[in-house]
């Protein structure tokens, strides 16, 4: 039995038929789209912010930092492509518009690309030092635990609602730690604050609101998320509260540290938190009156909390980099 068969193994399901043969370039392009480009750009921004806060913008062009960043990105893409393979059944059930769910990208091609990226990530991390190597290994293990069904069946922790936030936390915190350590040989206080706030944003907010519209498919796949176990309303309610708590903490941390770029990033987080909480409130109101909603409007309301979460974390890092450029924080 191949990895693809194991990844997709569920009672009453079969491995989907192979997608038509594609050129190498087209396959790589589909893999990039499968890896959620917005997520990958956010990862690159997180890494860049940690480097700039640690050693200044010039460090972004250092060969060691560039190689570590490429290795980290390769590992992230590999993890997300494998996640697409493992989630193929529920993605199709939930009507996801992704290359594998559409049949444009075959699972075996995706696994082959992911394996190549994994080797490249490990080789690149090994050449830059132990911090990057340990970080990449932790990310790959967390990715396997997040996606791979056999691992979830064998580890009790991976079958609890806490597993997703904890595994997401590894990837989020790891980005800042690896970037900061590679750039400066240590972790600056500003990086610790940014990493803690944004990792909490991912684990306590994103992990709760990202699947509000996917409960049926996740339940079919046997996932034990909070939305599946207690209903999407419970996940939306807690996600909205968590967003406000994290937003307030991020703003307070920036003010407490007396760091202008972090303060502006904290303010951006707080604004994003209000937007997420508002979307969660509308989700709850929509759930109460779902019978009278148009399907398109219902889908928009159900995906709004995650869309606002995602755009919020992008904005936070863009604002921080712009503030560093304007304030000369590296001087």
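Numbers run from 1 along the shown chain.
Even glycines carry a Cβ here, placed using N, Cα and C.
Any TrEMBL annotation is an automated prediction that lacks curation.
Since the structure is predicted, the reported quantities are computational estimates derived from the model, not experimental observations.
Range with TrEMBL annotation transmembrane segment, chosen from 91-108, 109-126, 217-234, is 109-126. TrEMBL lists transmembrane segment for one of the ranges 49-68, 69-88, 269-288, 289-308, namely 69-88. Between the transmembrane segment (132-149) and the stretches 69-88, 109-126, 161-181, 240-260, Cβ pairs under 8 Å are most numerous for 69-88. Scored by C-beta pairs under 8 angstroms, the transmembrane segment (69-88) has its highest count with 109-126, from the stretches 109-126, 161-181, 240-260.
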